[in-house]
Amino acid sequence: TSGHTANGTVVEEFILLGFPGSWHSRVSLVVLFALVYSLTVTGNASIIALVWMNRNLHTPMYFFLCNLSFLEIWYTTGVVPKAIGVMLGTSQTISFSVCIFQLFFLLSLGSVECFLLSAMAYDRYLAICYPLRYSSLMNSVISARLAISSWLGGFLAISLLAFLTSRLTFCGPDVINHFFCDIDACLALSCSDRWPVELATFLVSIIVVVASCVVILVSYVFIIYSILRIQSAHGRKKAFSTCSAHLTVVTIWYGSIIFLYVKPSAQNSMDVKKIVNTLSTIVTPLLNPFIYTFRNKEVKQAL
């Protein structure tokens, strides 16, 4: 459904600005994006292959990590190819329906990531606080249920938001100052009543971001308390090393989300937002495999 304007014409597509600048600077960015994208896909696919081929890594922790890697491949695929087309000037337009689909796809995957990271925090909490009962508390069936719930929950949480956004009316201008369809950019262009979408965005961010953040924080309060009670320094270091990779990923991910979406006004400078979006949609998916492999003895041995 395209939005009808007051004079009856229909806005059927938007123009994505990307990163305005000289041809040379845009080509440099294209090369950088393409390089990071290929490394991201290769790195995350390698983790999935490595876990799949090594029986030692068939544990809930690595099962969640495979889910995260699979998600990162799709998350970055939802942004980079189109962003490259925009920067080269070969596909700067995006139809209304594709724009809504991209927005739905990216926000859903972002929500899934929040839920997955909280499931991983819960998994680490069980491993460190109940080491003797861990295998019965977190087995393959429970971890599969948590992963499936994360995927379903993420896509369901955003479906109402995407539906409400698709009902908005757009009267022009039709230029989006971004390299992909962002909810804020769409809201800024709408000339119809935006409060249902703004309310839905607020509620979804409370459910997804705040709830998952609370699970992670509570898990880590118990984890740190348990680690501090371990007598030996070696034991404390070993226990903390199993969480350090997850904690690093959580910090980067939630730091960028809170900056982008949990804010008092929608008037964040779009140029600053584009930089932060580049970090969260392109750089973070690249970092995850490296953070997990460099911080982890089991993965190094498997390699």
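Backbone N, Cα and C atoms are what each Cβ position is placed from, and that goes for glycine too.
Where the annotation comes from TrEMBL, it is an automatic prediction and has not been curated.
Per TrEMBL, transmembrane segment is recorded for 27-52 (among others).
Feature annotation from TrEMBL assigns domain 'G-protein coupled receptors family 1 profile' to 43-292.
Beyond the ends of the transmembrane segment (64-88), by six or more residues, the same chain brings 16-19, 26-27, 29-30, 33-34, 36-37, 40-41, 44-45, 47-48, 51-52, 94, 102, 105-106, 109-110, 112-113, 116-117, 119-120, 123, 143, 146-147, 150-151, 179-180, 249, 281-282, 284-286, 288-289, 292 to within a C-beta distance below 8 angstroms of the stretch. Among the features that TrEMBL reports, transmembrane segment is placed at 64-88 (among others).
Positions annotated as transmembrane segment by TrEMBL: 94-122 (among others).
Marked as transmembrane segment by TrEMBL: 142-164 (among others).
TrEMBL lists 202-228 (among others) with the feature transmembrane segment.
Marked as transmembrane segment by TrEMBL: 240-262 (among others). A Cβ distance under 8 Å defines the sequence-distant neighbours of the transmembrane segment (240-262), meaning residues of its chain 6+ beyond its ends; these are 61, 68, 110, 113-114, 117, 120-121, 124, 127-128, 201, 205, 209, 213, 216, 220, 223, 227, 268, 273, 276-277, 279-280, 284, 287-288, 291-292, 295-296.
What TrEMBL lists as transmembrane segment is 274-294 (among others).
Spatially, the transmembrane segment (202-228) is not adjacent to the transmembrane segment (27-52); fewer than three Cβ-Cβ distances between them are under 8 Å for residues at least 6 apart in sequence. Note on the transmembrane segment (274-294): residues 19, 33, 36-37, 39-40, 43-44, 46-47, 65, 68-69, 72-73, 75-76, 78-80, 106, 177-180, 182, 245, 248-249, 252-253, 256-257, 259-260, 300, 303 of its chain, located 6 or more positions outside it, place their CB under 8 angstroms from a CB of the stretch.
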